[in-house]
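What follows is a single structure, written as structure tokens, with notes after it.
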Amino acid sequence: MATKLLRAVILGPPGSGKGTVCQRIAQNFGLQHLSSGHFLRENIKANTEVGDMAKQYIEKGLLVPDHLITRLMLSELENRRGQHWLLDGFPRTLVQAEALDKICDLDLVITLNIPFETLKDRLSQRWIHPSSGRVYNLDFNPPHVHGIDDITGEPLIQQEDDKPEAVAARLRQYKDVAKPVIELYKSRGVLHQFSGTETNKIWPYVYTLFSNKITPTQSKEAY
């Protein structure tokens, strides 16, 4: 009998360590890590119709609307029907979650609950390589040379919305938008919440949860 394909989603505010957890899940369980931010950057770079439309919002500092993100992500999922996958950054809103519902049933939704102070500290230490989306943290993942991307040697930037004064507003906005999505998945019995201040302490619990659903591709946990 063919193994059922795993359909998973990770939710968490900016700075929650979502990217790190996704990389570990992908590495340990062979899931495709599908990041909405990554696909947006690819489409903008390739000047696709969706990319050009999304760029207009991003340049004005606006969120990309539901219909555009949904169109982008559903077409990516269509190409990955035969793979186990983990969605990151989608669905962000109830409208997006309802669109995803129409094409698949999720097996697992994990949400990372990180205290506000921890998120604020992490984000203020966060620097980004704009064209690749690579993220550095000056505390636990610094670049080899301060302010310079390890791979290209290009300068890193601190995003306006990672600056302390913008962080509180971003987190409030995330909470307001994520709450109905979290409630929806809670009511379905697929939501698993993980709380803490350190990704390394949360990770063993995430690993165990996934191990119950899919056989690890590695014999032991990879960090």
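Cβ atoms are placed via backbone N, Cα and C, with glycine included.
Quick look at what TrEMBL lists:
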- G15, S16, G17, K18, G19, T20, R126, V135, Y136, T199: ribonucleoside 5'-triphosphate binding site (BINDING)
- 35-64: region 'NMPbind' (REGION)
- S36, R41, L62, L63, V64, G89, F90, P91, R92, Q96, R170: AMP binding site (BINDING)
- 125-162: region 'LID' (REGION)
- 126-161: domain 'Adenylate kinase active site lid' (DOMAIN)
| task | On the DSSP side of things, how many residues of the region 'NMPbind' (35-64) fall into helix, strand and coil, could you say? | result | 21 helix, 1 strand, 8 coil
| message | Restricting to the region 'NMPbind' (35-64), what is the model's mean pLDDT? | response | 90
| message | Give me the count of other Cβ atoms within 10 A of the Cβ belonging to G17 (ribonucleoside 5'-triphosphate binding site). | response | 24
| remark: Students should find that the Cβ of Y136 (ribonucleoside 5'-triphosphate binding site) has, within 10 Å, a number of other Cβ atoms equal to 21
| field | Residues near S36 (AMP binding site) in space but at least six apart in sequence (CB under 8 A) | value | I69, L72, M73, L87, D88, G89, F90, R92
| field | Cβ neighbours within the same chain of R170 (AMP binding site) - under 8 Å, at least six residues apart | value | P13, P14, D161
